[in-house]
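Quick notes on the structure that follows.
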Amino acid sequence: MSAHIRAQPVAIPSSEIKYCSSSSSASSLSFSPSAAAEAFARGPHYQPRRRGSMAYPVTAAEEGDTLTGASPPTRNRTLSLLFDTPAASMFSGLRAPTLFSRFGGSNSALPQGADVPPPVPDGKPLPAAPPPPRTGIPTPSPSPTSPMGAPPTSSIPAPSGYSQSPARSLRPPLTSVGSATTPSRSVSQRNIAAITSPQQTTATPTRTNSSATINGTSSSAGGDACHVTVRMRPLTDTEESSNLPTVWDISDEYNRVGLSVDFAERNRKQAAEYFFDAVQVGSDNRDLYEQSAKDVVRAAMEGINGTVFAYGQTASGKTYSMMGIDEQPGVIPQAVDDIFGYIREQSGDREYLLRVSYMEIYNETIRDLLSPEQVDLRIHEDRKRGVFVAPLKEEIVTSPKQVMRIIRKGEENRHFGATDYNEHSSRSHTIFQLVVESRERGQSGTASPRVGGSGSVRGRGMVMISQLNLIDLAGSEKATTDQDRRKEGAFINKSLLTLGTVISNSHIPYRDSKLTRILQASLSGNAKISVICTISPAGPNAEETQNTLKFASRVKKVTVNAQANRIVDEKALLQKYKQEIDELRQQLSTTNELLERERRQQQIAGMEGERKKYEEQLVEGQIARTALKERIDHLTNLILTSKTITSKHLLDWSAPPDPLTSRASVMLEDGLLPASPNLNGKRTPNSGLSKQFSDKGFLDRHIREIDARDEKIRNSNQEIQNLKALLMQLKSSRDGEVLSAIEQYEKTNGQSVKSMRTVVSELDNARRQNDELEVVCGEMEDRIREFEARVRELEAGGKKNSMVHREDVDDLIDENRALKSTVKGLRIELDQRRSQVSCAGGGEDAQQQQQQKQLSQTISSQRMQIESLTNEIRQSQKTITTLRDSIRMLELSNDMFVQSASRAHSPTNTNTSGGSGYNGSAANHAADTELALDRERKLRSEEGRASVERIAALEAELACVRAELGVFGLVGAFGAMGNGTSS
Ligand SMILES: Nc1ncnc2c1ncn2[C@@H]1O[C@H](COP(=O)(O)OP(=O)(O)OP(=O)(O)O)[C@@H](O)[C@H]1O
């Protein structure tokens with residue numbers, strides 16, 4: 001169990017307090033109560049730096065940022081000493097002066113570790129420090145009557161709401177410094193209210209009515225110190241089984257955390273020690289909530305913004321502290337329960353409207369955990385709303401169970417992952433936001449505000465709006481082996497670094513990280529801040545722990561100036577709902593009057609038709625009235641008062657955890673679904689009407705219509721959600737698509753360029769081959785012409801010697817056949833080429849088309865040449881036929897000539913002719929004829945020989961042509977010529 005320092009108010013003469021900072025004038029006098037607490041807690045070991053009413057010992061953490069006199073801090077020195085890790089580097093440029101510097105001390109004045117009590121073996125916690133000095137600061141006397149052991153003895157009264165809460169245990173401030181001014185930076189100058197508006201009237205509360213203290217660490221009237229709790233978890237099973245010692249000593253009596261002297265000596269480290277507002281060892285989350293968060297939560301119910309965040313090394317227990325486990329609910333579930341408990345404790349004169357949202361920042365991208373399809377949410381800022389995330393789903397909540405269901409649903413969407421140090425490590429920062437709107441009951445929103453004067457922060461007729469941020473930060477990262485984890489770690493470290501800088505620096509780089517930008521309103525001073533710094537007890541983590549403690553020390557010195565936000569503005573949902581309820585009630589009473597009139601008229605109506613008309617009007621009126629009542633019920637149920645919350649609404653920590661209900665039922669309970677105002681099962685919608693008018697089909701039809709319409713609305717809402725999700729998906733995938741389209745285009749383009757080149761080279765080849773073919777065709781034409789000439793010659797010669805002519809003609813026929821088949825082969829070849837070229841040139845490109853056109857022109861000219869060749873062949877055939885006819889005629893005349901010659905030569909002819917003279921002359925004539933024939937025969941055989949020689953020469957020429965064709969690669973086409981086949 002932790003114990004807390006309690007002190008009676010101490011009056012310190014302001015003239016004795018000297019404080020100089022870089023931002024405040026040297027004349028400003030200030031004093032931090034936490035400094036007093038530390039001095040008080042240090043006991044007799046402390047070494048005063050300078051004579052004065054307060055003495056302050058230096059701690060290791062504060063070395064390096066000392067401010068002396070009126071000089072600003074030496075920034076470089078701070079950096080060189082503290083920037084050893086990301087966590088440590090958060091303290092760069094710290095502007096809040098150290099406590100030590102306030103008293104003009106110097107580091108060298110105190111021996112290192114001078115205050116460290118003697119070490120205890122085995123890293124066991126040190127025994128309690130010696131009692132504090134009694135000089136000037138009396139020791140508080142614990143009282144058994146208070147839950148915290150002491151009644152509130154603060155000279156600063158708690159906010160009005162606190163006194164009404166029996167469960168509240170406000171501990172007294174350690175000191176009260178009367179008129180002392182704020183010691184550290186004056187954040188009020190750069191306050192940016194979380195919710196501002198032109199109509200906003202924010203009361204400037206005095207310490208007595210709006211600035212609630214946090215567990216006794218309240219500072220001066222100018223601002224509250226951030227509250228810092230250090231929580232050390234127990235050794236984990238793995239650490240225990242490795243026999244790792246606990247190297248930090250925690251003294252809850254003095255809220256002191258110190259490195260065990262034994263460990264420090266063995267590892268040659270400084271025996272550093274730190275003092276905080278509260279320290280805690282162990283697993284008790286209830287105690288943690290009471291110490292660190294309760295006051296911030298309660299202040300949020302009073303209209304003051306609040307932020308609680310857990311900070312620490314990975315696996316040090318942040319999630320355990322914020323979310324907890326079933327047996328030990330953490331800060332968030334306890335805060336939720338406490339908020340409803342608070343409302344329940346009120347006297348009933350106040351009404352509240354609560355709405356929650358849950359988001360995470362993962363790798364610097366904001367995701368809505370309640371609407372996971374909403375990714376990469378944007379941060380906006382406007383004059384009315386300040387800094388806000390949109391589109392962020394906000395749910396109006398009416399019970400802690402409902403909130404827990406929402407949180408569990410959100411948790412399912414959160415980014416976790418196993419790291420080298422934590423099996424279930426949060427890889428993102430999560431921000432659970434709860435907006436509290438409240439106002440006094442029965443007040444019109446436009447009533448003039450009554451600000452201050454009454455001692456109450458609750459102005460009449462005004463809506464107070466506050467925002468409570470409960471944040472589970474991702475762990476500060478060591479280098480890790482996993483690549484993804486390294487990337488996440490880089491983002492985490494950067495945002496934590498910015499958080500550290502924002503917290504402790506005059507230059508406020510809120511925009512450097514999403515985390516600080518979202519929390520800008522809170523971090524700029526208009527929120528109570530409580531930081532739970534979680535540490536590990538184990539030796540190997542000592543350095544990281546020390547960095548966390550240094551961060552905690554810096555945060556402790558920052559003061560904020562949180563004030564209640566009160567607005568009279570239409571953006572307050574509570575205001576809007578109340579107005580709507582008023583208007584609806586007005587409408588309802590008008591409808592009731594109308595109904596009453598209808599009813600009377602129906603009763604007095606004589607005619608059947610008239611009665612029916614009134615009856616129908618009556619039913620319609622009833623439906624309208626029911627709709628109005630349902631809407632009023634729905635809105636009324638969303639507005640919480642002490643009467644609407646019963647103990648059964650609060651969380652039963654001993655009961656097993658609620659199973660997650662479906663989204664629809666959560667929405668139904670939220671009353672977010674239209675026309676379903678029956679939130680608490682008081683009444684089934686339309687049930688009264690159904691009973692009353694069950695005999696009227698008219699009414700049933702209307703009910704069905706209304707149900708169908710509701711169903712339609714639900715469906716279209718769902719559709720809208722789906723479309724939105726789709727749109728987001730499309731948006732996110734658009735960049736990828738564009739890139740891949742470009743890639744695809746480049747690929748396709750490359751391919752088409754390649755295929756173009758192939759086509760062009762094929763076309764070149766085809767053109768070359770066509771040229772060659774043209775040459776061949778020309779040669780063939782020449783040959784044909786030669787053959788024709790020869791046929792003509794033979795024709796002329798054939799008249800002389802039919803036999804020889806016949807052979808020549810046969811040869812010519814053969815040759816013609818061969819020529820024909822050659823031409824046919826050529827045609828086939830050309831056709832093939834043409835189809836090849838048309839395939840190759842099938843591209844869409846203009847150049848390809850051009851080439852194709854040229855090719856087809858070439859082909860058509862070749863075809864024409866072939867056709868003319870064919871014509872010539874046909875002509876040759878005709879000539880050959882004519883030649884053949886003339887040969888036949890020649891043969892005929894030859895035969896006749898031979899017959900007549902033999903008849904003239906026969907002896908019969910001699911006898912028959914009688915007379916010797918006649919016979920002698922006939923014999924002479926026959927001899928002459930025979931001689932002539934012999935001569936003729938000789939002549940013809942010579943001519944025949946000449947023809948045979950000519951034919952041989954022709955054959956030799958043909959062989960040459962064949963060889964040439966072979967050279968052109970057209971053997972296939974002209975093979976027919978060689979074989980003598982023909983078509
Ligand atoms: N106070 C505690 N008592 C008992 N167990 C604890 C305590 N704190 C942490 N643990 C256990 O230690 C482990 C790590 O804790 P937790 O996940 O909360 O660390 P964390 O700081 O949130 O880590 P990370 O930054 O990686 O998410 C868990 O198994 C948790 O249950």
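Counting begins at 1 with the first residue displayed.
Cβ coordinates come from backbone N, Cα and C, glycine included.
Whatever TrEMBL says is automated annotation, not expert-curated.
The region 'Disordered' annotation in TrEMBL covers 110-221 (among others).
Annotation comment: TrEMBL describes 116-145 as compositional bias 'Pro residues'.
The annotation compositional bias 'Polar residues' is assigned in TrEMBL to 155-167 (among others).
Residues or ranges marked as compositional bias 'Polar residues' by TrEMBL: 176-221 (among others).
The feature domain 'Kinesin motor' is assigned by TrEMBL to 225-558.
In the shown protein chains, 27 other C-beta atoms lie within 10 A of the C-beta of K318 (ATP binding site). Taken from TrEMBL, the feature ATP binding site applies to G312, Q313, T314, A315, S316, G317, K318, T319.
The region 'Disordered' annotation in TrEMBL covers 439-458 (among others).
Sequence annotations record features per position, and here TrEMBL assigns coiled coil to 560-617.
The region 'Disordered' annotation in TrEMBL covers 839-859 (among others).
The annotation compositional bias 'Low complexity' is assigned in TrEMBL to 847-859 (among others). Across the compositional bias 'Low complexity' (847-859), the DSSP tally of helix, strand and coil residues reads 13 helix, 0 strand, 0 coil.
Per TrEMBL, the feature region 'Disordered' maps to 900-927 (among others).
The feature compositional bias 'Low complexity' is assigned by TrEMBL to 906-926 (among others).
Listed in sequence order, the binding-site residues among Q313, T314, S316, T319 whose CB lies under 6 angstroms from an atom of ligand 1 come out as T314, S316, T319. It is G312 that, of the binding-site residues G312, T314, A315, S316, has its Cβ surrounded by the most other Cβ atoms within 10 Å. Averaged over the coiled coil (560-617), the predicted model has a pLDDT of 72.
Here the Cβ of G317 (ATP binding site) has 23 other Cβ atoms within 10 Å, regardless of which shown protein chain they belong to. Its own atom aside, the Cβ of Q313 (ATP binding site) has 25 Cβ atoms within 10 angstroms in the protein chains shown.
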